[in-house]
Amino acid sequence: MGATGDVEQPRGPGGAERGGPELGDAGAAGQLVLTNPWNIMIKHRQVQRRGRRSQMTTSFTDPAISMDLLRAVLQPSINEEIQTVFNKYMKFFQKAALNVRDNVGEEVDAEQLIQEACRSCLEQAKLLFSDGEKVIPRLTHELPGIKRGRQAEEECALRGSPIPKKRKGRPPGHILANDRAATGMVWKPKSCEPIRREGPKWDPARLNESTTFVLGSRANKALGMGGTRGRIYIKHPHLFKYAADPQDKHWLAEQHHMRATGGKMAYLLIEEDIRDLAASDDYRGCLDLKLEELKSFVLPSWMVEKMRKYMETLRTENEHRAVEAPPQT
């Protein structure tokens, strides 16, 4: 084929001819097609585009990555709606936390209890999206002071304690033991054995007008547990304690045995029980004992009578539970 000066120049995207060597002779046309920089640039751009498209395709072949990218986009909106739901129920958590602090002591961090309860709600909500057969793993390293519910049941079974069988079809999220384990509240005891309320210490006849009593807060300090108010009731649940009612607290305040506490709980313990504990192996030789903190006092007959009835009620309930308990196998 003969080369002429009518060889067509490569056109750019706008249709205009790109500048190149002047077509002065017929022999330059073939060289022009091979060395035109526009052609080289087009080829290079196609290679780059093809490579970039290939990389993007590789990134989206993993379904987990694709879904996580979508989740990351939606997460802020989801968080806002979750926060709205928690705000709706926050008043209940706040009232419960303040009630716990009033009953246990000022050392309880109400805000921490609320945060733990909210985290527990989120943990239990995961069960809504479980497969049914798969169990959601719990972060045991975050709960060093609490045994797993299954482990505690196995230990109770080895000791022969009766454990009620779980009902079939009941979701794990409604099991009280799991709920307690998820909150992380290590100050609440978890025991497989019922509290023993029997023997001479639970005989109402031991209470009379000459019996001396102490405040629970002072007993707590006397046994070296002053830093954690209410710990004595957790460590020794078998102790008899009487919750003073408003009439009792008014009398105690008038006699200067305690300060006016308003709505806070005030417990009365038997001084003899506390001194017996201090002499036991658990506290013998303990450097933190401060028995001088025990400021004992006697009570009027009308208050002693109420305490007798209360002790009798607790003891009777304990006996009924023992009778109704299934025999051990």
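Every residue gets a Cβ built from N, Cα and C, even glycine.
The region 'Disordered' annotation in Swiss-Prot covers 1-27.
Per Swiss-Prot, the feature compositional bias 'Gly residues' maps to 12-22.
Swiss-Prot lists 56-147 with the feature region 'Important for dimerization', giving similarity to another entry as the kind of evidence.
Annotated DNA-binding region per Swiss-Prot: 159-173 (among others), in sequence order. Confidence over the DNA-binding region (159-173), given as mean pLDDT on the 0 to 100 scale, stands at 48.
As annotated by Swiss-Prot, phosphoserine applies to S161, with the evidence given as similarity to another entry.
For 216-237 (among others), the entry in Swiss-Prot reads DNA-binding region. Tertiary proximity for the DNA-binding region (216-237) is limited to same-chain residues at least six positions away from its ends with a CB under 8 Å from its CB atoms, namely 103-107, 187-189, 191, 195, 266-269, 274, 277-278, 283, 286-295.
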Using DSSP, how many residues of the DNA-binding region (216-237) fall into helix, strand and coil, respectively? 12 helix, 0 strand, 10 coil
